[in-house]
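Chemist: Feature annotation from TrEMBL assigns domain 'EF-hand' to 61-96, 97-132, 147-182.
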Amino acid sequence: MGNAKSGALSKELLEELKMNTKYSEEQLYAWYQKFLNECPTGRISREQFESIYASFFPDADPKAYAQHVFRSFDADSDGTLDFKEYIVALHLTSSGKTVEKLEWAFALYDVDRNGTITKNEMHEIVKSIFNMISKEDQKNLPDDENTPEKRTDKIWDFFGKKENGKITEGEFIQGVMDNKNILRLIQFDKPQKVQERLKEKKQ
């Protein structure tokens, strides 16, 4: 292995990412090169993240959702993602373990980061997910979840919350684990497509 490679991506970070994600050394190197090509500073801005995300969804408007995803992974709130935050984001949204995914989903829905989710926050994220579903696909949704308002009400009812109630992280994770229907309702249904397109881009 040449020094150029090991100098570019530290051994410690490589080992940490291999341990905490499902990606191989080859994949991580390939993504690191691509990351540096697109973000020579070694950090990706929210705008860059949005444009990468948008390229996965040409038929939709993922801007609002991408902003929320970005916020949920910007661990130090500095308005950029470094390579580690970026890879963890890719891993979690496509192939993370269920509990890790749900911890991330909670962070996604906890818009003001105060440790609980309100119905308004739930509605904001559900609305951004709807922007990513093509009009054609929206027509095929069941009647009781074919608008952001109906879907938010349905999720809220699953949690048995009053209109002005709040959901804690523990309740959120337990609720989704106990009811697979909620999982389907709270997420954007096509992470596999993102994964496939990432693979295509890499080749």
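Cβ coordinates come from backbone N, Cα and C, glycine included.
Describe each of these features in terms of where it is and what it packs against.
Modeler: For the domain 'EF-hand' (61-96), the residues of the chain that approach it from at least six positions outside its boundaries are 9, 13, 16-17, 20-23, 28, 31-32, 35, 42-46, 49-50, 53-54, 104, 107-108, 111, 124-125, 127-129, 131-132, 188, 191-192, 194-195, 198, judged by C-beta separation under 8 angstroms.
Within the chain carrying the domain 'EF-hand' (97-132), a Cβ under 8 angstroms from the stretch's Cβ atoms is held by residues 57, 60-65, 67-69, 71-72, 138, 147-149, 151-152, 155-156, 161, 163-169, 172-173, 176-177, 186-188, all 6 or more beyond its ends.
Same-chain residues lying 6+ beyond the ends of the domain 'EF-hand' (147-182) with a Cβ under 8 Å from its Cβ atoms: 98-99, 102-103, 105-106, 109-110, 115-119, 122-123, 126-127, 129-130.
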